[in-house]
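**Student:** Residues annotated as domain 'Response regulatory' in TrEMBL: 6-121. The 4-aspartylphosphate feature in TrEMBL is assigned to Asp55.
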Amino acid sequence: MANNISVLYVDDEPINLKVFELGLRNRFTIHTALSGFEGLEILRKESGITVVVSDMRMPVMDGLEFIEAAKKEFPNLVFFIYTGYGICDRIAQALDDNLLHKYFRKPTSFNDIEATIVESVGV
């Protein structure tokens, strides 16, 4: 188990936050945020977070905008997009620019998410 890994999941849909937390809480410490702004505040307060997973389509600040802002303040974190849509040009560019480690397409099994997160932080 990788319980020493702390993950922030950002999604504007409360049900998605709950499902993600329920699916991975026995494997990681999970923090959740309903917006990119809330996600930034959590990152500023919780120094142990090492991985950030964000939904792509959110109002006001989308997932890539949030990750761009977060990466400026927290360049050593590992960032993922978790989207219900296919890869778009912006996600492809973010991957090429090493802004993102990887993207997950909903639905992705929690076992696959866990394995990718563990691999990304070298545990």
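Keep in mind that glycine also has a Cβ here, set from the backbone N, Cα and C atoms.
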**Student:** Any same-chain residues 6+ apart from the residue listed as '4-aspartylphosphate' with CB under 8 Å of its CB? Would you list them in sequence order, or say none?
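**Tutor:** Result: Val10, Asp11, Asp12, Glu13, Asn16, Gly63, Ile81, Tyr82, Thr83.
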**Student:** Going by DSSP, how much of the domain 'Response regulatory' (6-121) is helix, how much is strand and how much is coil, in residues?
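**Tutor:** Its residues divide into 52 helix, 25 strand, 39 coil.
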